[in-house]
Amino acid sequence: MTATSTGGSVDERNPFVYVVAALAALNGLLFGFDTGVISGAMLYIRETFELATIFGYSMNPSLVEGVIVSGAMIGAIVGAAFGGRLADRLGRRRLILVGAVVFFVGSLIMAVAPTVEVLILGRIVDGIGVGFASVVGPLYISEISPPKIRGSLVSLNQLTITSGILIAYLVNYALSEGGQWRWMLGLGMVPAAILFAGMLFMPESPRWLYERGHEDDARDVLSRTRTESQVAGELREIKKNIQTESGTLRDLLQAWVRPMLVVGIGLAVFQQVTGINTVMYYAPTILESTGFEDTASILATVGIGAVNVAMTVVAVLLMDRLGRRPLLLSGLGGMTVMLAVLGAVFYLPGLSGGLGLLATGSLMLYVAFFAIGLGPVFWLMISEIYPMEIRGTAMGVVTVLNWAANLIVSLTFLRLVDLFGQSGTFWLYGVLTLFALVFCYQLVPETKGRSLEEIEADLRETAFGSTVGDDSPRPAESDD
Ligand code: BGC
């Protein structure tokens, strides 16, 4: 094992840091629950409300449904847009607390909504909480983690996203009998309350504290999550890179930051336009067309959710051993092949029997390949590649783009299927996945095992040192 400048090897395993990361990863649970729950609830919301009017204006019911479903994504775009700057201003921990309260209030509003307008308001508020959570969860965990286990700890956030989706599918299934959509949506209050209560006892990010001039507090947090020998080294590095001013949007465009801005934006957009959420939102619809009955397709959807969780566990275990690039690139390769197969299977006439199973199996493998690579690596990378003074702002910007792409893909999926058929749509996502593979191969750096300060120093050196213009990926650090 190479010793990094931040200290030793095996002794990174201070149990407290796992507690902090696991608790902060509940941010992902809010995100995932919100993603998974609405498709189930929507079936029954239709029966409670007259969806043909909003504020007295008559509307197409499917448009109103679209607004209810996408309201949370619009909220998340707003939340992420402000979340980055707020994380820099208020601090990471305080923004997590605010996000939990906002999400709690949104879930409560939805659960008791007397009218469809109030329900939409609840979705937007809930989404703002998700937007905050999606930026600040990975950011906080990344800054609190020792370098050698940072990949696994930040990926816990993706594990809770996928678990949240699976829990939501199960809740939908359990509550579908009585059509209890208010409970489905209201249950989001539980993880929000746990996150809030737990975070009251967690420390602020040592890097944010240091930047704000609280050196003693920063040292104190580091001592609680590191061994003695590591604290001094890590503090020295943080000191070296520190800037007094917090960055603005314009700072994002500085020449030396720009390559990483491109990487973040590319990953954000590719994570969505390669189609994952068409499966998360529309799996039952896709599966029904392969010959599954109603209930069977819901159960198969639960199966897809379980594969997503299981493969994310594998990613958590491998992230710091294999590195980000091998997982990302092999995951993208696998996704491309699976999308090609799905397109072919849907192209053939008559999907029942063996072909139906092949379609379901390919769909599961596609999700598995996403779960091992692009899913966790996007959130991890964007918490690692930006310099301290603009980290929050930069993460906010790329997260907004991720949510915007998510919204566009979910709004256009059914239309694309109308236009190109299911096979054409899968092939289209397949081509975009191939582009993603080339992009990542060329531009995404390996960050395994390096401290956030080393990554930042590298970035400056690449821009200002002799390696200007060299955009070839850095080789993975040798580890053990
Ligand atoms: C993505 C979400 C997606 C989820 C599926 C996340 O990384 O950002 O949009 O729903 O993975 O597991």
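Cβ coordinates are placed from backbone N, Cα and C, and glycine is handled just like the others.
On the 0 to 100 pLDDT scale, the domain 'Major facilitator superfamily (MFS) profile' (20-448) averages 92 in the predicted structure. Residues or ranges marked as domain 'Major facilitator superfamily (MFS) profile' in TrEMBL: 20-448.
Sequence annotations record features per position, and here TrEMBL assigns transmembrane segment to 16-43 (among others). Residues 65, 68-69, 72, 96, 99-100, 103, 123, 126-127, 129-130, 133-134, 136-137, 140-141, 144-146, 149, 153-154, 156-169, 171-173, 175-176, 179, 181, 184-185, 187-188, 191-192, 194-195, 198-199, 202-203, 224-226, 277, 280-282, 284, 305 of the same chain sit 6 or more residues outside the transmembrane segment (16-43) yet have a Cβ under 8 Å from a Cβ within it.
Same-chain residues lying 6+ beyond the ends of the transmembrane segment (63-83) with a Cβ under 8 Å from its Cβ atoms: 34, 38-39, 42, 45-46, 51-52, 54, 95, 99, 102, 106, 116, 119-120, 123-136, 281, 392, 396, 399-400, 402-404, 406-407, 410-411. Annotated transmembrane segment per TrEMBL: 63-83 (among others), in sequence order.
For 95-114 (among others), the entry in TrEMBL reads transmembrane segment.
According to TrEMBL, the feature transmembrane segment maps to 120-141 (among others).
Feature annotation from TrEMBL assigns transmembrane segment to 153-175 (among others).
What TrEMBL lists as transmembrane segment is 181-202 (among others).
Annotation comment: TrEMBL describes 260-283 (among others) as transmembrane segment.
Residues or ranges marked as transmembrane segment in TrEMBL: 295-319 (among others). Long-range contacts of the transmembrane segment (295-319) within the same chain: residues 36, 151-152, 155-156, 158-159, 162-163, 165-166, 169-170, 172-173, 176, 279, 283-284, 287-288, 327, 360, 363-364, 367-373, 375-376, 380, 448, each at least 6 residues beyond the stretch ends and with a Cβ under 8 Å from a Cβ of the stretch.
The transmembrane segment feature in TrEMBL is assigned to 326-348 (among others). Sequence-distant neighbours of the transmembrane segment (326-348) (same chain, 6+ residues past either end, Cβ-Cβ under 8 Å): 274-275, 289, 315, 318-319, 355, 358-359, 362-363, 365-366, 368-377, 421-424, 426-427, 429-430, 433-434, 436-437, 440-441, 444, 476.
According to TrEMBL, the transmembrane segment annotation covers 363-382 (among others).
Beyond its flanks by at least six residues, the transmembrane segment (394-414) meets 66, 69-70, 73-74, 76-77, 80-85, 87, 131, 134-135, 138-139, 247, 249, 252, 257, 260-261, 264-265, 267-269, 271-273, 275, 277-278, 281-282, 378, 382-383, 386, 425 of its own chain at Cβ-Cβ distances under 8 Å. TrEMBL lists 394-414 (among others) with the feature transmembrane segment.
Look at TrEMBL and you will find 426-444 (among others) tagged as transmembrane segment.
Counting same-chain residues at least six beyond the ends of the transmembrane segment (260-283), those with a Cβ under 8 angstroms from any Cβ of the stretch are 35-36, 39, 69, 165, 252-253, 297, 300-301, 304, 332, 335, 339, 363, 366-367, 370, 374-375, 377-378, 381-382, 385-386, 394-395, 397-399, 401-402, 405-406, 408-410, 413-414, 425-426, 429, 432-433, 435-436, 439-440, 443-445, 459. With a threshold of 8 Å between CB atoms, the same-chain residues lying at least 6 positions outside the transmembrane segment (95-114) that come near it are 24, 27, 30, 34, 75, 79, 83, 86-87, 121-130, 132-133, 136-137, 140, 182-183, 185-189, 192-193, 195-196, 199-200.
Residues 259, 262-263, 266-267, 270, 273-275, 278, 324-325, 328-329, 332-333, 335-336, 339-340, 342-343, 346, 374, 381, 416, 420, 471-473 of the same chain, all 6+ positions outside the transmembrane segment (426-444), place their C-beta atoms under 8 angstroms from a C-beta of that stretch.
Note on the transmembrane segment (153-175): residues 17-18, 21-22, 24-37, 39-41, 137-138, 141-142, 144-145, 181, 183-184, 187, 191, 280, 298-299, 301-302, 305-306, 308-309, 312-313, 315-316, 319, 371, 375-376, 379-380, 383-384 of its chain, located 6 or more positions outside it, place their CB under 8 angstroms from a CB of the stretch.
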